[in-house]
Amino acid sequence: MTRKSRRLWLVVACMIGLGSAAALTLNAFSSNIVFFMAPSQVHSKPPPADRTIRLGGMVVAGSVRQEKVKDAPVAIFDVTDGQAAVTVRYEGILPDLFREGQSVVAVGTVNPDGTFRASEVLAKHDETYMPKEVAEELRRSGKWDPRFGKAPDAASWNTMTAADNAKKPATQTP
Amino acid sequence: MNATQSLTARTGNLFHRYANPGRFLRMGAKLQPWLTWPALVLSVAGIVWGLFFSPADWQQGDSVRIMYVHVPTAWLASSGYMGLAVCSLLSLVWRHPLADLAAVEIGPVGAAITAVCLATGSLWGKPMWGTWWVWDARLTSVLVLFFLYLGHIALIRAFDEPQRGYRAAAILGLAGAVDLPIIKFSVQWWNTLHQPDSITVTGAPTMSTSMLWPLGLTTLGFTLGFAAIVLARLRASVMESRVRTILAANRGRQSAAPQPDRATP
Amino acid sequence: MTHLPYIVAAYGLTLGVAAILSVNATLRLRQARKRLAAIEQPRTRQPS
């Protein structure tokens, strides 16, 4: 065995050791690395009232109510992960991306009655990138409602952009 | 063992062919324009396309245009570190002199690109998520990558004897490579504020082709640009070390010269 | 455009850093080449 291959095996062994150590550590701390808790987790294991947590999930369609308390905007909405829902109350200005069906992360505490008092609301957008016109077209044709779930596969609407642009003048002129 | 022995030897030979500084400088000079000009053309085309001709996103509006600079820098931050790790391996196992010089030059460029990635991400996060920064797994692991770059830059220059710096920095470079899969899979392993990847090796992209094109152009352009800048710095570094060697040799000859000179007449 | 300041800042920053890196690399390469040429010429003449 030459010195070179001995060094190579040494490096490989060290990398395997380091890699598994990192994997084990990350696995052990996995619950601390997750950025937010889901509503079902909050239901099954309610955190103590004084502990600030992040609650993540989808805004339930039709649940958003905007009120004004002493000139301050207050938003009340339900956040769900499909299994359970938590009602969130937030005083402040919601981010631009906030809408029904959007994923959000709310920072705050759980009240004794099970509702959530948020001090901050962050919008979490998904990985679908779609031109505005295509989204409107999909909504108009009833193929997809952003309030109820994820956008359909990109392959199904990718060709729409060019085809619709070609169709549009023809349908608009008459 | 016999097979691995010849394999390591053969790999070493392959890389050592390019260790000759004269040959590297000739090849580098030839390669440089093929990196520089396509990088410029593709980057400019991608940026103009992304800024003015690509559609606005259905939920993000025009802010989506930040993607065309953020995503390429994010990809380069990781792949640049991958290059650093490969140089570290070549340095540790094969004692390749050019790999050490390359590691010195990749460090600052990679750190700058990672800083740009973090800053553009922040500028994108503020209007979209509603925050400049969160400590989720993706953002934190990229910040760790930035610190790894900074540590490598400091370590490789920390010793009076360069060889010791190369050795120490190579160990850091290889150990830090553990962060790369964490960055890649952070959005799948843990729930994060950062969205999952739109473009994956296995699945179809969840992105409109009208946005995919400018993104592809800037990614290719920035990658070639990264390579062009690293190559230019590496060529300069090889020339500088050659100048140092010649100066040292001249000094040695001058101090040694008087004796034979006196003997000859 | 919506959120124009953020977009301009992101592109400006990227292009600024790219410009700094490229100019720095170009100048360094040019200087190294000049220095090497100045030092190599007298040496190649000497042996003849």
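Quick reminder: no glycine exception, Cβ is built from N, Cα and C everywhere.
Here is what TrEMBL says about this protein:
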SIGNAL    A:1-23  signal peptide
TOPO_DOM  A:1-7  topological domain 'Cytoplasmic'
TOPO_DOM  A:29-174  topological domain 'Extracellular'
BINDING   A:H125, A:Y129  heme binding site
REGION    A:140-174  region 'Disordered'
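Annotation for A:H125 (heme binding site): same-chain Cβ neighbours under 8 Å, separated by at least 6 residues, are A:L97, A:Q102, A:S103. Averaged across the topological domain 'Extracellular' (A:29-174), the predicted model reaches a pLDDT of 80. Of all the Cβ atoms in the protein chains shown, 27 others lie within 10 Å of the Cβ of A:Y129 (heme binding site). As a summary of secondary structure, the topological domain 'Extracellular' (A:29-174) carries 39 helix, 48 strand, 59 coil according to DSSP. Counting residues per DSSP class in helix, strand and coil order gives 5 helix, 0 strand, 2 coil for the topological domain 'Cytoplasmic' (A:1-7).
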